[in-house]
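J.: Structure provided below as structure tokens; questions to follow.
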Amino acid sequence: MPKHMQHHVNNEHDDHDQQTSDIVHSNYEGQGDGSDGSDGTGSGDGSDGDVKVVEEIAVFMWDLRQCDRKRCTGRKLVRLGLCSLLKLGHKFNGIILSPMAVKCVSPQDRDIVSRNGIAVVDCSWNRLNETPFHKMKGKHLRLLPFLMAANPVNYGIASKLSCVEAIASTLMMTGFASTAEHYLSKFKWGSAFLTLNQHALNEYSTCLDSTQIIATQNHLMTEDHTWNHLNQNRNTDLPPIDPSDDEDDDGGGGQ
């Protein structure tokens, strides 16, 4: 899938007002009630004793209902109040992660993410041809650069990310690392995604724009021995899937 450069953020102040009517569930609904083990302050204690500030970024999702409800990362985020549902046909003014995009996420998208948030499409990777992408309207469609999935279904497969992996990748690349870690912390395997892609995400995050990200991606695809090993030995590297863990992803498309 081609990855091209993105363009800069527009500075409209009425974006949030237009988006409000498109939301089915309120973002951050249920946060602060301690249901996820947090104190609802938007911050948590780091392992070194420092306080990590988790910035509240608006996250949205179009749910195509193609996935196993119990194993869908996007629906779990909705249940936790970390994601809001969008209606088909309504315009979204933030970053839309979509395979229909021709531009790639880059650090230049930070202002769009901060102001208007991120939206993912929750659909099956096996049913992309059935997905009505034309009804998911917005100006800022983006692809993600080359990354490895760490969810148990698609572990080690390039670019077949779950919704939470796609969200976290975008957050990492646009400078919201603590928020990305917060989202991934809701899944047992979440830290594995950062471990698997740490070098790549660090490299992508230091790029000035999408042109540099593409150059970095091309270098990593040929030079990163860890990724090459995973591609060649994917069947033997897969982690065991715990059938009792309803946090696991069903392989739904996150881009």
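Yeah, the Cβs are placed from backbone N, Cα and C, and that goes for glycine too.
According to TrEMBL, the region 'Disordered' annotation covers 24-48, 230-255. Residues or ranges marked as compositional bias 'Gly residues' in TrEMBL: 31-46. Feature annotation from TrEMBL assigns domain 'RNase L inhibitor RLI-like possible metal-binding' to 59-91. Feature annotation from TrEMBL assigns S-adenosyl-L-methionine binding site to THR73, VAL121, LEU144. As annotated by TrEMBL, domain '16S/18S rRNA aminocarboxypropyltransferase Tsr3 C-terminal' applies to 95-220.
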J.: Report, as a single number, how many Cβ atoms besides its own are within 10 Å of the Cβ of LEU144 (S-adenosyl-L-methionine binding site).
T.: 24
J.: Return the count of C-beta atoms lying within 10 angstroms of the C-beta of VAL121 (S-adenosyl-L-methionine binding site), excluding that atom itself.
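T.: Neighbour count, Cβ to Cβ under the 10 Å cut-off: 26.
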J.: Per DSSP, to which secondary structure element type does VAL121 (S-adenosyl-L-methionine binding site) belong, with helix, strand and coil as the options?
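T.: DSSP assigns VAL121 (S-adenosyl-L-methionine binding site) to strand.
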J.: In three-state terms from DSSP, label THR73 (S-adenosyl-L-methionine binding site) for me.
T.: helix
J.: Average pLDDT across the domain 'RNase L inhibitor RLI-like possible metal-binding' (59-91)?
T.: 84
J.: What are the helix, strand and coil residue counts for the domain '16S/18S rRNA aminocarboxypropyltransferase Tsr3 C-terminal' (95-220) according to DSSP?
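T.: The counts are 65 helix, 18 strand, 43 coil.
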